[in-house]
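Taken straight from TrEMBL:
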DOMAIN    1-99  domain 'Lumazine-binding'
DOMAIN    100-199  domain 'Lumazine-binding'
REPEAT    1-99  repeat 'Lumazine-binding'
REPEAT    100-199  repeat 'Lumazine-binding'
Amino acid sequence: MFTGIVEIIGVVSQLNHQSEDGGTTLTISNASEILSDCHLGDSISVNGTCLTVTFFDESSFKVGVAPETLRRTNLGSLKENSKVNLERAVSATTRMGGHFVQGHVDTVATILKKEPDGNALTFRFQPRDKAVLRYVVEKGYVTLDGASLTVTQVDDEEGWWEVMLISYTQEKVVTASKSPGDEVNVEVDQIGKYVEKAVEGYFSKGSSGEPAILQKMVERIVDARLLQAKQ
């Protein structure tokens, strides 16, 4: 679990493509600030993707990226010297400055527009999987390359949303240096997913074919009234 508050920006110093399993091993440097309490097997968010540390020293660490992860994220487009957002998993003393982030990327989105607004920058994104738009709401949270950001505008018909990066945030995340046409990893707010599933349970049949909760409630009320009428 993460907060979406990027701690530092690291640099990809090496990529090793594994021909046997189709995955990739990444070595990320300039990361000494987050490695003082690191252990093998720890989780670190790399551009919003939860990855497991397989090796580390004072300033760098290695992670393995599976083929499925490469397909669902923008990590497959990384090159040597690419910059990446980094965040350690939360601890018991972590301040929850952002929101609950799992590090499980839902889709990638393309930057449609990047415009200055005073000393801020407004970005417009269009997701590859349009289905995620139902979880993106104005003034809600969305995680972009691991950074927790507030949605400023949504257009469901045209299929995009916007966020604004203040000048401070521009210095702390890789998104600020990206341009229209570039991609970002997207994780929507998981609370929306849980609410959706809970509501669906009241109105639609589950995988077992059982009637919905609302239907069961209505049937019980009808049965009770019929029983009263017979008495």
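Just so you know, glycine gets a Cβ as well, placed from its N, Cα and C.
Just so you know, TrEMBL annotations never went through curation; they're auto-generated.
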May I have the DSSP-based helix, strand and coil counts for the residues of the domain 'Lumazine-binding' (1-99)? 12 helix, 40 strand, 47 coil
Looking only at the repeat 'Lumazine-binding' (100-199), mean pLDDT returns 94
Just give the helix, strand and coil counts over the repeat 'Lumazine-binding' (100-199), going by DSSP. 24 helix, 45 strand, 31 coil
